[in-house]
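Annotated features, as they stand in Swiss-Prot:
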CARBOHYD  Asn107  N-linked glycosylation site
REGION    1-39  region 'Disordered'
TOPO_DOM  1-168  topological domain 'Extracellular'
TOPO_DOM  190-249  topological domain 'Cytoplasmic'
TOPO_DOM  271-348  topological domain 'Extracellular'
TOPO_DOM  370-394  topological domain 'Cytoplasmic'
TOPO_DOM  416-425  topological domain 'Extracellular'
TOPO_DOM  447-483  topological domain 'Cytoplasmic'
TOPO_DOM  505-542  topological domain 'Extracellular'
TOPO_DOM  566-592  topological domain 'Cytoplasmic'
TOPO_DOM  614-654  topological domain 'Extracellular'
TOPO_DOM  678-712  topological domain 'Cytoplasmic'
TRANSMEM  169-189  transmembrane segment
TRANSMEM  250-270  transmembrane segment
TRANSMEM  349-369  transmembrane segment
TRANSMEM  395-415  transmembrane segment
TRANSMEM  426-446  transmembrane segment
TRANSMEM  484-504  transmembrane segment
TRANSMEM  543-565  transmembrane segment
TRANSMEM  593-613  transmembrane segment
TRANSMEM  655-677  transmembrane segment
Amino acid sequence: MEENPTLESEAWGSSRGWLAPREARGAPCSSPGPSLSSVLNELPSAATLRYRDPGVLPWGALEEEEEDGGRSRKAFTEVTQTELQDPHPSRELPWPMQARRAHRQRNASRDQVVYGSGTKTDRWARLLRRSKEKTKEGLRSLQPWAWTLKRIGGQFGAGTESYFSLLRFLLLLNVLASVLMACMTLLPTWLGGAPPGPPGPDISSPCGSYNPHSQGLVTFATQLFNLLSGEGYLEWSPLFYGFYPPRPRLAVTYLCWAFAVGLICLLLILHRSVSGLKQTLLAESEALTSYSHRVFSAWDFGLCGDVHVRLRQRIILYELKVELEETVVRRQAAVRTLGQQARVWLVRVLLNLLVVALLGAAFYGVYWATGCTVELQEMPLVQELPLLKLGVNYLPSIFIAGVNFVLPPVFKLIAPLEGYTRSRQIVFILLRTVFLRLASLVVLLFSLWNQITCGGDSEAEDCKTCGYNYKQLPCWETVLGQEMYKLLLFDLLTVLAVALLIQFPRKLLCGLCPGALGRLAGTQEFQVPDEVLGLIYAQTVVWVGSFFCPLLPLLNTVKFLLLFYLKKLTLFSTCSPAARTFRASAANFFFPLVLLLGLAISSVPLLYSIFLIPPSKLCGPFRGQSSIWAQIPESISSLPETTQNFLFFLGTQAFAVPLLLISSILMAYTVALANSYGRLISELKRQRQTEAQNKVFLARRAVALTSTKPAL
């Protein structure tokens with residue numbers, strides 16, 4: 001600014017009348033009145049100059065400034081020096097990194113004195129704050145694949161990065177569940193003695209007999225069938241519920257493990273959802289102007305190296321593209337006539353009816369496939385051919401996978417026809433796909449419940465004796481675990497088959513066939529909604545089956561590890577950046593919300609099995625009990641009387657009613673506090689707008705007075 005004041009003055013003088021030309025101002029006059037420089041120093045934008053560097057001059061402070069401008073510059077310098085004298089460490093000054101480093105070197109001794117000053121409470125608070133910051137930095141440095149996620153976000157957008165971030169989060173959940181399972185289930189099982197073997201065929205009871213082991217030598221085809229279906233040698237192994245012996249302490253730890261895993265997953269998902277909600281509300285609100293916020297505030301000045309800089313540039317570019325797409329669609333919707341609006345809503349209603357019809361047909365097909373599986377397994381031809389028997393056992397899984405493979409592309413074709421924005425289209429595709437996947441799982445569980453409980457009729461002939469269908473399902477918990485095991489395994493095989501047989505051959509075809517045909521065959525985009533819903537579906541299957549198949553979280557951990565590297569290889573070798581992107585802020589909130597929905601859905605069959613369905617009489621740690629939960633009161637009765645009274649008090653109304661009242665009061669207080677903060681924020685926004693208007697008016701009046709003063 002000081003090197004060429006003439007050009008600077010001309011630029012200001014030609015901009016909307018804020019400054020008159022230098023010649024029009026004439027020579028300095030001794031008449032009283034504020035100068036233009038002093039008026040402009042009152043603008044909000046002038047205050048930001050103090051944070052750029054100690055040597056930056058205020059608005060209008062040119063090299064040949066008048067005497068009033070010199071006084072303004074002197075006053076401005078005094079304000080800056082006052083800020084420098086404040087007892088703030090260099091790291092807290094709102095300056096660029098280079099200026100803060102220079103300030104720290106000049107005032108190293110003063111920073112040490114400032115840090116050591118204050119009361120003992122202040123010093124402990126600062127020490128605790130710094131320890132907390134260092135702990136967060138250490139935990140952040142321990143996060144796996146941090147650089148890989150940054151690279152993905154820079155090259156393919158933040159939406160694709162959110163998929164891999166969710167995959168890493170789910171991997172953490174499965175690792176925690178596996179560690180808890182090993183500590184609370186496997187170790188007590190082996191420390192309590194060698195588990196007993198399976199019941200023999202000669203053991204009879206009112207609930208029939210149960211012999212899970214195959215007798216004699218078996219062929220390789222049978223071994224492969226047992227591996228893929230969970231039967232044979234795997235049926236009586238730590239993989240499934242029926243293996244664990246009926247020991248009271250083991251039964252309690254087994255049940256506590258299930259509740260602990262559910263609680264930990266709930267808390268971690270809620271924490272992630274709240275963090276994503278903050279970002280979503282900030283992005284969707286009008287508190288920040290989207291374009292200016294990303295252009296002026298999104299850059300990280302701590303980046304080092306050309307690679308990091310290019311990645312950050314790509315991320316900002318993708319975010320701006322999303323904003324521009326959203327703006328175009330909103331403008332088109334704003335200029336629609338009444339007839340166009342009616343036509344759009346009619347199209348939306350018809351398309352939603354089509355979606356409902358497709359979903360209904362898919363659910364009926366899943367129910368039919370599950371019901372026919374039991375009938376087909378009893379056919380002699382199926383029993384003689386292992387491959388055909390394997391196909392019949394996998395019939396529900398195959399049908400669910402087929403539905404999940406066919407219908408989501410149909411939903412993607414329907415969504416653009418409804419006239420929504422890109423973010424809204426993504427939300428509708430996700431909602432329909434998640435409803436398809438999770439509801440298909442619910443239909444499968446309902447069909448299994450119908451077989452286990454004889455359709456809910458406890459007086460039926462097959463269920464009257466033991467409370468469950470002991471003739472077809474002598475150990476129904478293991479059968480349910482086997483179904484979830486097959487779903488998990490088939491999902492992994494499907495992902496491998498799609499990557500190896502479809503995606504990579506398409507890329508090879510692109511290289512072998514130049515021209516339009518090769519480009520059409522090789523152009524692939526990473527479909528974030530489908531991939532995310534695949535993760536949530538797989539995790540929901542694990543939550544449903546982990547109680548009946550305790551090693552399922554460990555298997556899912558291995559699966560997610562393979563999936564991460566496979567998807568990464570597929571992304572960088574066969575996929576191109578998406579032509580249409582969507583907001584990562586909405587994804588960061590919506591994906592955990594759908595995951596929370598999957599956790600809620602998985603808890604329903606688990607809680608129903610624990611409280612209402614009688615456990616199997618021939619397998620599992622709860623055999624002989626009227627219900628799985630009955631083991632808890634029986635274990636409590638063996639505790640000291642004081643402990644019993646306290647635990648039973650927690651389940652009475654004398655404890656529940658005050659807890660409900662206190663929770664209601666705290667919730668009402670939180671809501672009232674949030675409303676008051678919201679009103680305060682609205683008032684501050686209005687005040688900020690008023691102050692800005694006042695300053696603009698005063699600046700214009702000052703310009704007018706300054707330009708007319710010499711003529712008087």
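Heads up, the Cβ atoms here are built off N, Cα and C, so glycines get one too.
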Cβ under 8 Å, sequence separation of at least 6 from the ends of the topological domain 'Cytoplasmic' (447-483): give me the contacting residues as numbers and ranges. 206-210, 212, 229-231, 235, 239-242, 366-367, 370-371, 374, 396, 545, 547-549, 552, 605, 608-609, 613-620
Between the transmembrane segment (593-613) and the transmembrane segment (484-504), are there three or more C-beta pairs closer than 8 Å, counting only pairs 6 or more apart along the chain? no
Cβ-Cβ under 8 Å with the transmembrane segment (349-369): same-chain residues at least 6 beyond its ends: 395-396, 398-400, 403, 407, 410-411, 414, 417-418, 432, 435-436, 439-440, 443-444, 446-447
Under a three-state reading of DSSP, tell me whether the residue listed as 'N-linked glycosylation site' is helix, strand or coil. coil
The transmembrane segment (169-189) vs the transmembrane segment (655-677): 3 or more CB pairs under 8 Å: no
Cβ atoms near the residue listed as 'N-linked glycosylation site' (within 10 Å, other residues, all chains): 15
For the transmembrane segment (250-270), give me same-chain residues lying six or more residues beyond its boundaries with a C-beta closer than 8 angstroms to one of its C-beta atoms, as numbers and ranges. 169, 172-173, 176-177, 180-181, 184-185, 188-189, 192, 244, 543, 546-547, 550, 553, 592, 595-596, 599, 603, 606, 610, 621-622, 628-629, 631-632, 635
Treating G and I as helix alongside H, and B as strand alongside E, what does DSSP give for the topological domain 'Cytoplasmic' (678-712) in helix, strand and coil? 31 helix, 0 strand, 4 coil
Across the topological domain 'Cytoplasmic' (370-394), DSSP labelling yields 21 helix, 0 strand, 4 coil
Checked against DSSP, the composition of the topological domain 'Extracellular' (614-654) is 18 helix, 0 strand, 23 coil
If you run through the topological domain 'Cytoplasmic' (447-483) with DSSP, how many residues end up as helix, strand and coil? 14 helix, 0 strand, 23 coil
